[in-house]
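Structure, as structure tokens:
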Ligand code: HEM
Ligand SMILES: [Cu+2]
């Protein structure tokens, strides 16, 4: 779009981490449902570790990495509103990512 | 036309000049009103009328339940009554009420003269009024919706609800939701763009942050509901089996779409109320809000989290453990930002020296009731407990503690707080306290007891219960409580009327607040500020008593008048630097006429006069096009002086005018609807019974290729048109041809590759996706032709390409969405073929 104002972005720092959380939410939920539908929970890679569980754990690891990357990037911003609020929101998103999704490691999948 | 403003010798002269420009005329001109004062008040008053109707229905419910086997209402009527009570309270009272409040307050708090799209707010209001009218008319006619406020299928499907009751809900509420969508876009753009110079994002009054977040949530939350309503209506009217398990549909799809909206909805209702509290508490504590930035972070987090817990309403629906864990985690997490805000309020109170006042009494009511509601909510969030309490009166009690505590009490506080602004009169405490205590006591009596009946197993939505179940005494007391509460509400209403009529007059800023809405005359003039202030600190720590007279004297921005324009300033989103003079449209009857035509469209669908529906749609389109000649410029003006030695361009020459942002946000909502549709189809493939369908269809390569090429051509030409500006006609013509090709491709595809859409949900989904693409290509075609028209009329120059840039946004979106749509049938057919395992 033309005419993006030249000022420093404010919304990106505030929204980035939780957007990752939201997309991750849909992706994990979708992957879990698809995997169950296609029977990926039946094939064991290692004892007790199915394809589906592995895929979900990898996805979660990717999400967590992305959220952490956002936090690290925000810490380099100059002090101010966008940094303070952005960091607070992103830390909340990081905690939420771990807390909401860690069930993929140990709960029954289908 | 002149660039130089006309100066005014004194405040009276200035007032006359501004009033002549901004005021709404008398008589029939009232129907042409677009001013935010008028529209905001109309929204709030209409919402109160609906609150009254919903309240009367609640009294009918309580009368019925007062005794075990009451012959007062038969089961059919009872179903209509509780459905309508819930529907009216949620859709016709709570949301429109805070919309009206935001419409009335936001421009004033932000230091603007009006909202960004006054005609749209007027249109939204009429849609709300007519849509609500249809729903209430159905109630009077005895054909009101009766499947509960969340309209679960199959109960709401053709088979079980053959009459028009469910159609009334689906169509009437969708009609009303137009106003929610217009309000969402309106609020987003206004908060982001129309502020007083110097009001950077971190200086906005906290209420504006709340409304910004709420509007963002509405933008994402409502489309799934609108989509669900359209799909269910398509099933009921035309037999497309999205929710019918015998033909590859799934009733759970409705539940997902509904709660994807429905849970955020609870927060959409709560956050404006919390915004009121965050505004009032600091004023009465006499100290700024504790932790402004933390509160902003909390509400943003809350907005996201509230979208991650919709399935907690479906715990009883048999969903695997991990998936459940996602949702219960989010349900627990969302309590954290709520707690953060509560601590911010308590901290503010502890820091300052709280003054007693009537609004604070209602704030106390909020704290008590809402905290209890939160505790029972945590109980329900425990999955095992939810299985127990599911669908009992425990849930009814919880929901009212949250909704009445989290919305009604704060809104009563707001009413007492801002009534002086609306009327210029201040409370005189005679009735106010009694009224409050009656509501408070009545409320707790009514609903606390419902926890107990619920725990003893009394199900919700039943019109009678066995006399020996031991629920009767509690129910009887609960009903007594509800009558006490009703009398309390009547006293509140009477009290507010008396204040408006006989309250004490005051000069300015009766509560010693620090926000800009008090820096204007009360009751407010149509233009609000005679000049716009320059803001140099957080805009809830200002001194209205000093700023008000300055502005009245014309010292500030836009202190003169120019060409009879309705002017306000647009600013850079982040920094608040002025970057344009936004010239707003004059009062007009077009919003009313357009809303009437829109109503015709919905009524045609409701009464199944299907041939008339496209006619009305065409009239709506034609009327919307009639809105446009008033906007834009036919000559380049260059920079306009805005006062204080600064200059800014007219919005038609600006880089990022409000209407361009409006298109961005509209497309975001539109995209949400589309993604929900695609996910819906994917969900059916995943979980609906009776897949794969017998006939798959799905592929017609030449048709798909033609459609995609047409869309690409249209988008490419849309971009070229912007570069060519006044010479854009050839590009736009080519773009229009591209759309014609795209439409041909889509039609060809539908004709050859689409199995009978009533046979199976797969084909129905394909049909829906193609229809979506066709609709967008059709609108794109209209926009291309409209561009040609605007160029010919001289509205376009290299400095003035706004019309074409708005078009470009649409064309780009349509190319992406349409491309996906054309590929979608093949994709779904492939999935269906492969995933036929279990
Ligand atoms: C004015 C006092 C009110 C009373 C006495 C009251 C009473 C009731 C009762 C008894 C029910 C349960 C009906 C049943 O399941 O059989 C109910 C349902 C409901 N109420 Fe209220 N209510 C009041 C205010 C409100 C308000 C202010 C809201 C929302 C802002 C609201 C929203 C709802 C909803 C959504 C339902 C569920 C309807 C359904 O099951 O479909 N109520 N109300
Ligand atoms: Cu919920």
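Glycine too: its Cβ is placed from the backbone N, Cα and C atoms.
Check TrEMBL against the ranges B:43-61, B:62-80, B:233-251 and you find transmembrane segment recorded for B:43-61. For the ranges B:81-105, B:506-530, the feature annotated in TrEMBL as transmembrane segment maps to B:81-105. Taken together, the residues in the domain 'Cytochrome oxidase subunit I profile' (B:16-536) have a mean pLDDT of 93 on the 0 to 100 scale. Here the transmembrane segment (B:729-751) has long-range neighbours at 700, 702-718, 720-721, 767, 770, 773-774, 777-778, 780-781, 784-785, 787-788, 791-792, 804, 811, 818, 821-822, 825, meaning same-chain residues at least 6 beyond its ends whose C-beta is under 8 angstroms from one of its own.
Counting C-beta pairs under 8 angstroms (sequence separation of 6 or more), the transmembrane segment (B:473-498) fails to reach the transmembrane segment (B:266-285), with fewer than 3 such pairs.
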